[in-house]
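Heads up, the thing below is written out as structure tokens.
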Amino acid sequence: MNVPSIVNRIYIFISCLDFTTAFVFLTLAVVYRHQCFNFPTLLACNTALSILFCSANHVAIGVYMYIWDQYENPNIDTLCSLRAYFHHSSVACIHFSFILLALERYCKVRQLKLLATPWRKTCTVLFQWIVGFTFTLPVLVTGNMPKMASDNLCFVTLLKPDFIVYQSVTTLLTTDVALGILYRSLVRHVRQVSSKLNNNQQTRMHRDLTMVRRIVLLNFQLAIVGIPIIIVVILTLIRVDLIPHKIMRMMLLLSNLPFSPMLIVLLLLTPDLRKSLIKCRNKLKHCRPTKITPIHPIAPISHAQR
């Protein structure tokens, strides 16, 4: 078994693990929906839903790569470009969902009315999905998501570096800059108003600021795994033939690695989901069968023993 085949098998396994983790996350929220029905929990589920779609698409990409690796000249199906489109769109939705998580805490601390009504909250989430699935649409429509010459999958064409730069800037740089601006602005605001608040208000404000900091750190995981992708982009800008053969499956594997740990941390950071998890764990403990110690019968006492 060669190295690309091993990488592909690991890639499929990680994608299935991410899908299972996201599915359990959403199932827990649905089962305890009466307890978890609030906007912060909805935004956490929004991130989990993005990862669910992304990991399901990655499983399909990995399976088709496994099939096409068996042939020297595989016949590419018509949905190959569509899978590439869903990959870029779902990854963008994951990144953009972190902006919404931080924006909700920012509006809460600054007491802004941007997300004051249910209609505004719904429109904000829908806007994130619309932007995520429309900014890559021109690349798909113009036929710039063909099968790669160096690997058995479809991706944004490497022959036109402007498309690669466009995808990277829109997905990675936009999220990092937006989160950085929100966090720095929130830190500045907390320093200015802390002296005017009582202890309880200061505690709540610092708790929200800590939550935003953790959201930034979660997004930082995605930025770390994006470094190899940036290196590939730079190599593409220099010379396309410098890219190693079948390297893109390794890039996809690296991009999938932080999803499951990130969802677990996000679940623990969301108070209502954490309480639901504890309640579910306690119910499972009560469902365990208890061992019953058998009672040995008392032997009758004979007349001689008396």
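Cβ coordinates are placed from backbone N, Cα and C, and glycine is handled just like the others.
Quick look at what TrEMBL lists:
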type	residues	note
TRANSMEM	6-31	transmembrane segment
DOMAIN	22-264	domain 'G-protein coupled receptors family 1 profile'
TRANSMEM	43-65	transmembrane segment
TRANSMEM	85-103	transmembrane segment
TRANSMEM	124-143	transmembrane segment
TRANSMEM	163-183	transmembrane segment
TRANSMEM	215-238	transmembrane segment
TRANSMEM	250-269	transmembrane segment
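The list of residues near the transmembrane segment (124-143) in space but at least 6 beyond its ends in sequence, with Cβ under 8 angstroms from a Cβ of it, reads 42-43, 46, 50, 81-82, 84-85, 88-90, 92-93, 96-97, 99-100, 103, 114-115, 156, 163, 166-167, 170. Most Cβ pairs within less than 8 Å of the transmembrane segment (85-103), among stretches 43-65, 215-238, 250-269, belong to 43-65. On the 0 to 100 pLDDT scale, the domain 'G-protein coupled receptors family 1 profile' (22-264) averages 85 in this prediction.
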